[in-house]
Amino acid sequence: MLCRLASAGRSRAALVAPLGCLVARQKHTLPDLPYDYGALEPHISAEIMQLHHSKHHATYVNNLNVTEEKYKEALAKGDVTAQVSLQPALKFNGGGHINHTIFWTNLSPSGGGEPKELMEAIKRDFGSFANFKEKLTAVSVGVQGSGWGWLGYNKEQGRLQIAACANQDPLQGTTGLIPLLGIDVWEHAYYLQYKNVRPDYLKAIWNVINWENVSSRYESCRK
């Protein structure tokens, strides 16, 4: 499934380009966290962070490298059928790597509160910070099964936009929105601490949102 939002989704093939040249490339690696596993407690436990980063994200990275090797072989052979059959794995594992790499930087032990530089744009597009927070929370709670809630930037329209993505669908690769803030609502992101009560996890995560990082992403994509 593609991300759900007002504009139409892009084709799966759009994901291939952001993953880089498959003919000559370096392997993807698991990025280091900019903080310790226990730094986000009590809002997100050290156990969750360790498993989420060192196991789940690492699996996406490893599977992405394996899939890209297979894709490289298929390109060399001119095997279009194999190339097409590998698209779902590229999308899932590539998306998982992209999404989590953004997610870790969107969080900070000194986060929370309200944004400063981004506040004007939030008020313009959502009316108020409280209204924005309520909408993104509702969209994230409403994701059926596994997925992500996103704040993205619509460059064509010059405005902020909220979207929900299924599974590991990458926001920009499937909708064109530039990702600013992603909230992981896969159960592995919260179940050990919040069980199946996703709203409690979402209430807690606002306390560790790194608004400096989100604002920096916003400024960069407007250039």
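Here the Cβ of each residue, glycine as well, is placed from N, Cα and C on the backbone.
Annotated in TrEMBL:
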BINDING   His52, His100, Asp184, His188  Mn(2+) binding site
DOMAIN    27-108  domain 'Manganese/iron superoxide dismutase N-terminal'
DOMAIN    116-217  domain 'Manganese/iron superoxide dismutase C-terminal'
Response to the item:
Mean pLDDT across the domain 'Manganese/iron superoxide dismutase C-terminal' (116-217) comes out at 97
Practice prompt. With DSSP as the reference, give the number of residues of the domain 'Manganese/iron superoxide dismutase C-terminal' (116-217) in helix, strand and coil.
Written response: 51 helix, 24 strand, 27 coil
Discussion item. Around the Mn(2+) site formed by His52, His100, Asp184, His188, list the extra residues of the same chain whose Cβ is within 8 Å of the site's Cβ centroid.
Written reply: His53, His56, His57, Phe103, Trp186, Ala189
Discussion item. With helix taken as DSSP H, G or I, strand as E or B and everything else coil, how many residues of the domain 'Manganese/iron superoxide dismutase N-terminal' (27-108) land in each class?
Written reply: 58 helix, 1 strand, 23 coil
Worksheet, complete the sentence: Other C-beta atoms within 10 angstroms of the C-beta of His100 (Mn(2+) binding site) total 24
Fill in: Listed binding-site residues (Asp184, His188), ranked by Cβ neighbours within 10 Å, top entry
Asp184
